[in-house]
Amino acid sequence: MPADDYPVTELTKALIARPSVTPLDEGCQTLMAERLSAIGFNIEPMVFEDTTNMWARRGNEGPVFCFAGHTDVVPTGDVSRWHTPPFVPTIIDGYLYGRGAADMKGSLAAMIIATERFVAKHPDHHGSIAFLITSDEEGPFINGTTRVIDTLEARNEKITWALVGEPSSTLKLGDVVKNGRRGSLTGNLTVKGIQGHVAYPHLADNPIHKAAPFLAELSQMHWDNGNEFFPPTSFQIANINGGTGASNVIPGALDVMFNFRYSTEVSADILIERVEALLKAHELDYDISWIFNGLPFLTGDGPLLDATRIAIRQVTGYETDPQTTGGTSDGRFIAPTGAKVLELGPVNATIHKVNECVKVDDLEQLALCYEVILEQLLC
């Protein structure tokens with residue numbers, strides 16, 4: 001069968017054609033639900049404010065294997081820079097172009113096709129298969145996966161293994177899987193001063209001058225050495241804003257936003273304690289608030305990682321490399337429940353860019369990998 005005609009290709013195209021920019025779903029989950037319902041899944045829509053979520057499950061017993069993903073996509077950017085319209089899926093030279101092709105409608109289609117094939121071969125499979133799908137992964141992540149997990153936890157419905165379809169691969173399909181992620185902690189700091197005329201500094205108090213030594217020391221601090229699974233904790237200043245825009249006014253306040261990506265060697269509480277101790281040491285007048293974006297998690301050797309290694313080896317012929325690098329994903333909301341979480345998806349070279357694309361052959365290989373993982377865990 002030509003790659004253009006693979007069922008996974010056709011389903012990916014159907015999903016791309018729905019312009020589901022966060023928090024819109026545009027019928028993607030309805031399309032998925034129709035396919036899953038036809039093979040015995042119970043479909044449970046969970047709509048929270050502007051976000052569409054779906055919990056679908058086949059089976060009532062454990063263990064529970066869950067495909068997790070998102071139907072929302074990031075904005076297209078300047079449409080004139082795209083080779084083809086971003087929501088008109090187009091195949092050129094073996095690549096399928098369109099917003100969401102790699103992140104992550106290709107993965108969603110591969111999950112559906114793999115599950116259909118698996119259920120057809122193993123209608124009486126062990127345990128349960130579930131889908132946790134949201135339209136709020138690329139946005140504020142308030143009413144998406146985290147709300148679904150809260151609902152499941154409230155009724156003691158547990159996920160044993162979760163496979164997130166984030167585009168984990170770097171150079172070729174399956175060369176990298178994410179078996180963990182660093183924690184993410186954001187600080188919003190306001191350093192207070194006294195506004196005044198630059199010609200009369202003795203009548204003002206410049207918060208930029210006051211904060212500069214603190215920020216210099218903070219940016220040079222050593223947080224930890226990392227470990228065999230995680231690189232050392234990193235600190236980055238993301239935004240600094242101060243002043244009125246005029247050259248003759250000393251500002252009354254300085255706003256700084258910064259972020260930690262931290263390993264399992266430290267906790268958010270330790271990072272907060274060290275930052276606030278340094279603020280006090282510099283005798284700054286300040287307000288600070290903290291946003292917890294996710295705890296670090298790690299899935300070590302065990303059934304899920306073993307099954308994924310076997311699947312990638314069997315389908316591609318090479319070994320995968322488990323890593324914890326990169327940004328956060330919705331896996332950070334699933335892992336605290338005790339579930340083992342992995343991420344496996346297409347090559348990520350074009351995600352969030354203009355001309356986002358995925359290799360058509362990779363979509364079929366990804367579906368095959370997902371199917372083998374199901375067989376390894378539920379047969």
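For all residues, glycine too, the Cβ spot is worked out from N, Cα and C.
Within GLU61, GLU138, GLU319, GLU375, the residue that Swiss-Prot lists together with ASP103, HIS352 for binding Zn(2+) 2 is GLU138. Going by what Swiss-Prot states, the Zn(2+) 1 site holds ASP103, GLU166, and the candidate of HIS70, HIS126, HIS197 recorded there is HIS70. DSSP assigns GLU166 (Zn(2+) 1 binding site) to coil, not to a helix or a strand.
Taking the C-alpha positions, the distance from HIS352 (Zn(2+) 2 binding site) to GLU166 (Zn(2+) 1 binding site) comes to 12 Å.
In the three-state DSSP reading, GLU137 (active site, proton acceptor) counts as coil.
Here ASP103 (Zn(2+) 1 binding site) comes close to VAL73, VAL74, GLU166, PRO167, GLY345, ASN348, ILE351, HIS352, GLU356: these same-chain residues lie at least six apart in sequence, with C-beta atoms under 8 angstroms from its C-beta. For the recorded site, HIS70 (Zn(2+) 1 binding site), the DSSP three-state label reads strand.
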